[in-house]
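Undergrad: Quick one: the structure is below, and I'll ask about it shortly.
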């Protein structure tokens, strides 16, 4: 808040304010869509596979991000109404809990995307050994390790968020993991192209290759949407920490609400990608809506 007030004095850029109704609408849509993904996977036993469990992990991360922005706006409204103060002890603990939820959502999304990418990589290039490599027990163990690490990291980062030694590793982790996933995708497509030339004469293998290529394209869309929605907010964190008084940094930070809205849009777009590109999920959704009617 102090940074924002100071920024108005050193830049001509005005604060871009997104109406609270927009925040609540987008957040509610994101929560409902991802909840629908979770219900579909739980109800359909054919979806009890490592890939869909990793997708559920990403859906939970998206729900946490939408829930974070929803609760944050509720607390801001309560502050404006005088029910909460801005610098009380209770409010400070509440703010730390909210920050922890936000970091948990970001880390959960990053590692869930990494798990999905690794699962798709094994599916494409180790198809015959996939069920031996990626068993259901191993998938659940991977998810348990991911969420334990993310929970511990989110608490530590939220408690020591004012220390540069904490902010730097957190912000470096984002581009590092994205670069690793990008390298995995490039390697995946190069090998897939090479394999496609070798098996072009085999009809059955061609169908299998098309299916796997479609899965790789879906993951590429996930990554692109994730970068577009989260990167502006991560950049905001960096600028707020290292150059809060620079006029150019302050001008960028004036669109803070827009960056927050992009995070919630990510929670809406991902389930739509699942629904449109997964025949099994589409079939499950149709059965769910048909039964409810």
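Glycine is no exception: its Cβ is also placed from the backbone N, Cα and C atoms.
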Undergrad: Looking at the ranges 49-68, 69-88, which is given as transmembrane segment in TrEMBL?
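TA: Here TrEMBL associates transmembrane segment with the stretch 49-68.
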Undergrad: With pairs closer than 6 in sequence left out, are the transmembrane segment (49-68) and the transmembrane segment (140-162) joined by 3 or more CB pairs under 8 Å?
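TA: Between the transmembrane segment (140-162) and the transmembrane segment (49-68), contact is present.
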Undergrad: Can you work out whether the transmembrane segment (49-68) touches the transmembrane segment (255-276), with the criterion being 3+ CB pairs under 8 Å where the paired residues are 6 or more apart along the chain?
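TA: Judged by the Cβ rule, the two regions touch, with the required three close pairs present.
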Undergrad: Check the domain 'G-protein coupled receptors family 1 profile' (33-274) for me and report the mean pLDDT.
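TA: When the pLDDT values over the domain 'G-protein coupled receptors family 1 profile' (33-274) are averaged, the result is 79.
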